[in-house]
Amino acid sequence: MRKGGEMREEDNEGVVMANDFFWSYTDEPHASRRRQILSQYPQIKELFGPDPFAFFKIAVVVSLQLCTAIILHDAGWLKMLSIAYFFGSFLNHNLFLAIHELSHNLAFSTPVYNRWLGIFANLPIGVPMSITFQKYHLEHHRFQGVDGIDMDVPSCTEAHFVTNTISKAIWVIFQLFFYALRPLFLKPKPPGYWEFINLAIQVALDGILLYFWGWKSFAYLILSTFVGGGMHPMAGHFISEHYVFNPEQETYSYYGPLNLMTWCVGYHNEHHDFPRIPGNKLHKVKEIASEYYEGLDSYKSWSQVIYMYIMDRSIGPFSRMKRKLSKKSA
């Protein structure tokens, strides 16, 4: 692999930021590692299958967040914002990652049940995204880093505007908007039957909140989603998963305490190697096949990752691995 393009943004200390992505001329690393691990440790297949407690965990978080929104229907702005950042953001980000889990059908063996549960988990987030997320996320796994297909990779427009510490900080604050809107502009997909169901149910819930408890209850949910996806410890996974801090590695795991609240999405190398294993069992993959993961760079703090991304002048939206579509993947 090589670093593409010329370098730019040189400061007084000679630190530079690239004006092109890292380009790889090999396939993504997870399929080959999966085959190697399964040939050596076939018992890992026993970890495949849904999490039997997923529905219960999602129901508790949805209920808690909706009750909080109702309680705050007449709260002041400062109180609402404080609770949204220090409490509601954790709940809504947990639900976003529950939807990630459900996109891999890891709550039920029957895919349609996972879709319905995803729509239910979507309710406190405030805007419909569960069904659409699944469409793009599965492509991210199958075509990791493939130019024009993997919408997890920032656009060139983002990268050309986000070139310094201040613009990177602003980008982090609003990264959820970029994450959500990027595929709609770069690779729009026609909505299907399930998107309209997702939309109708979400609009119904939002309408009920607005009618019976007023706009503050709804605003609390939206604020919880927004702040939880921006300059927030849990949102560090957006950067930690695939932003290249080491040119020889394109996926990174996080082994810190916030895995307990995020469906263990931090075990990201393990997840991409085995997307059919639920988050609560990914640690067992690392335990069984430890020699495949111990030599890889990893993180213990998502907050530190955000800080590194903003302050390191050599890192930016171009710090992602890309590749052309291979005939084997097509």
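Glycine residues also receive a Cβ, built from the backbone N, Cα and C atoms like all the rest.
As given in TrEMBL:
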type	residues	note
DOMAIN	16-54	domain 'Sphingolipid delta4-desaturase N-terminal'
TRANSMEM	53-72	transmembrane segment
TRANSMEM	78-100	transmembrane segment
TRANSMEM	112-133	transmembrane segment
TRANSMEM	161-181	transmembrane segment
TRANSMEM	218-239	transmembrane segment
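In terms of DSSP helix, strand and coil, the domain 'Sphingolipid delta4-desaturase N-terminal' (16-54) has 18 helix, 4 strand, 17 coil. Looking at the domain 'Sphingolipid delta4-desaturase N-terminal' (16-54) alone, the prediction's average pLDDT is 95. Below 8 A, the CB atoms of the transmembrane segment (53-72) and the transmembrane segment (218-239) form 3+ pairs separated by six or more positions in the chain.
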